[in-house]
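As written in Swiss-Prot, here are the features:
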type	residues	note
ACT_SITE	HIS264	active site, proton donor
BINDING	HIS78, HIS237, ASP241	Zn(2+) binding site
Amino acid sequence: MLKQRTIKSVVKTVGIGLHSGRKVTLTLRPAAPGNGIIFTRVDLDPAVEIPATASAIGDTRLASVLQKDGARVSTVEHLMSACAGLGIDNLYVDVDAEEIPIMDGSAASFVFLLQSAGIEEQGAAKRFIRVIKPVEVRDGDKLARLEPYFGFKLSFTIEFRHPAVDKTGQTFEIDFADTSYTREIARARTFGFAHEVEMLREIGLARGGSLDNAIVLDEHRMLNNDELRYGDEFVRHKILDAIGDLYVVGYPLIAAYTAHKSGHGLNNALLRALLADEAAYEIVTFDKVEEAPRAFLPQLQPAFS
């Protein structure tokens with residue numbers, strides 16, 4: 001039986017909120033089978049638990065934001081991406097602010113944190129959402145689509161028309177049947193443009209943004225002194241974001257995802273469209289491990305870790 005996973009022990013870190021610029025303490029705790037991933041605002045009285053679900057995603061303008069009863073947890077996509085990449089089904093995420101710390105702008109710190117806590121299998125079958133007919137959403141020239149595929153692969157195309165981005169490649173495709181999330185995706189950093197950062201700061205946002213946690217571009221070049229972590233780091237980060245955005249559906253997806261200029265909002269609209277059509281998906285488990293898609297096999301976990 002392919003089993004659910006959680007972490008073995010409690011682990012904690014401190015980082016900076018991207019928009020508030022304030023110190024944020026993040027604590028990850030093991031959770032029981034079937035629990036899912038639950039974010040808790042422990043700084044509120046009483047504390048507010050917000051399950052990571054597609055319907056709980058509210059604001060998507062700058063990040064994926066979970067909302068419940070007026071409480072918010074922003075910028076969840078990088079941590080959710082790491083959980084997807086390591087096959088974590090059940091987890092408590094305690095945070096003492098309204099955003100997850102940005103760390104280095106990628107998912108690498110969260111992968112390290114989860115691996116440091118240890119990952120263990122639980123005595124319940126891992127559940128998947130298998131897409132059985134295509135679902136597509138559009139917004140102008142933007143597109144996001146899920147199609148039947150016995151595995152998990154993603155294809156993403158961006159169009160930024162910037163010298164630094166143009167020369168790195170604007171399309172990337174990855175199939176986790178034979179590719180490592182940790183090696184090929186997790187270290188890709190978020191990116192932005194200097195003039196946009198200044199505009200955000202004028203309205204009280206992006207106060208924690210810096211060259212330490214993002215790739216920053218002016219009109220012509222990259223302002224960071226360090227090299228890109230991948231030759232096509234920009235589009236790989238969009239894949240990283242998409243993996244995190246899609247994981248709030250509640251279970252790993254058995255599907256092929258294709259996107260053109262998609263973002264957090266369109267990714268969430270895609271999940272809602274999928275869940276609204278009961279003929280488009282089914283919930284499945286695998287009693288025999290060898291019958292599961294290769295991307296999710298435990299002995300090949302490094303291929304999706």
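In case you wondered, yes, glycine gets a Cβ from its N, Cα and C as well.
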Whole-number Å value for how far HIS264 (active site, proton donor) lies from ASP241 (Zn(2+) binding site) (Cα to Cα): 8
Cα-Cα distance linking HIS264 (active site, proton donor) and HIS78 (Zn(2+) binding site), given in Å to the nearest integer: 12
Those residues of the chain, 6+ apart, with a Cβ under 8 Å from that of HIS237 (Zn(2+) binding site): SER106, ALA188, ARG189, THR190, PHE191
Chain-mates of HIS78, HIS237, ASP241 with C-beta within 8 Å of site centroid, Zn(2+): GLU77, SER81, SER106, ALA107, ALA188, THR190, LYS238, ILE239, LEU240, GLY244
For ASP241 (Zn(2+) binding site), the three-state class that DSSP assigns: helix
Recorded positions compared (HIS78, HIS264) - the one with the fewest other Cβ atoms within 10 Å: HIS264
All-chain count of other Cβ atoms within 10 Å of ASP241 (Zn(2+) binding site): 24
